[in-house]
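For reference, TrEMBL has these:
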| type | residues | note |
| --- | --- | --- |
| ACT_SITE | B:CYS85 | active site, nucleophile |
| ACT_SITE | B:HIS194 | active site |
| ACT_SITE | B:GLU196 | active site |
Amino acid sequence: MPKVVVDVMPKPEILDPQGKAVLGALPRLGFSGVTDVRQGKRFELELDTVDDAVLGEVEKMAETLLSNPVIENYTVRVEA
Amino acid sequence: MRVGVVTFPGSLDDVDAQRAVRVGGNEAVALWHGDEELHGVDAVVLPGGFSYGDYLRCGAISRFSPVMSAVVDAAGRGLPVLGICNGFQILCESHLLPGALIRNDHRKFVCKDQRLRIENNRTPWTSAYAEGQEVTIVLKNGEGGFVADEQTLDRIEGEGQVVARYLDGNPNGSLRDIAGITNERGNVVGLMPHPEHAVEALTGAGTDGLGFFTSLTAQLFDSAR
């Protein structure tokens, strides 16, 4: 079953409180050297077939529901 | 006037909103998220809560519920729509209002009596207030940070679309202290604080929220049903 992965990330200029919380926790656990963390979402879509038409549909899904273009960017890729 | 109050799965403040509508002198009509039409109401309130569990993003799944298709159509024809808290998030996700709401900058849920300044009293939801009037309305949210790009912020400021602004400190990191906005036409209003919890002295800090529910009768406007 082919799989398409949509990654959604908060836009660089948008505050990411979740990423900030993780960044704050890392030193407390003894992990040093991390200067920034951004937290996003990963969607794995299983599809019957993948072709250009299907990928066009996935683009639409990503733009309308999976991400909010006001605050997030997304990428779509086919996973073998 | 007949004011519809939508109940989504996960709405919490729908019954409070219905009560506030009645205290404000109007008839409350319960609407369901699966309704494909608005049953001839003169206005709609989208209440607070956690519609569809707030999964994905707050308001993102509600935006595609049957009732919201009808609300978006009617709002486009001028129907007054008020979104409170989760309802504000739904209005932004529906593109009826610009911008988006993100998690509070301090990462904590906030619940407090909040001072506000009413910046725009030319909407069907705020005409009972004086412009510049300062009120206290309870605020409770975890994702109440209003964000938009600089160009959008400048535009809504310039067009007078900021309806209410936080006073005495910004409770959630909202850009430019914005607590509520309206659309270009002025019929759709989103507000993060909860006026429906401030309509009776017994259960709140005061009755400063009542104006949001009496404005409909205080101002004549074109109903678009």
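The first residue you see is number 1, and the count goes up from there.
Here the Cβ of each residue, glycine as well, is placed from N, Cα and C on the backbone.
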Worksheet item: Taking the Cβ of the residue listed as 'active site, nucleophile' as reference, which residues of that chain separated by at least 6 in sequence fall under 8 Å from it?
Response: B:ASP13, B:PRO47, B:GLY48, B:GLY49, B:LYS140, B:ASN141, B:GLY144, B:LEU191, B:MET192, B:PRO193, B:HIS194
Discussion item. Under DSSP, is B:CYS85 (active site, nucleophile) part of a helix or a strand, or is it coil?
Written reply: coil
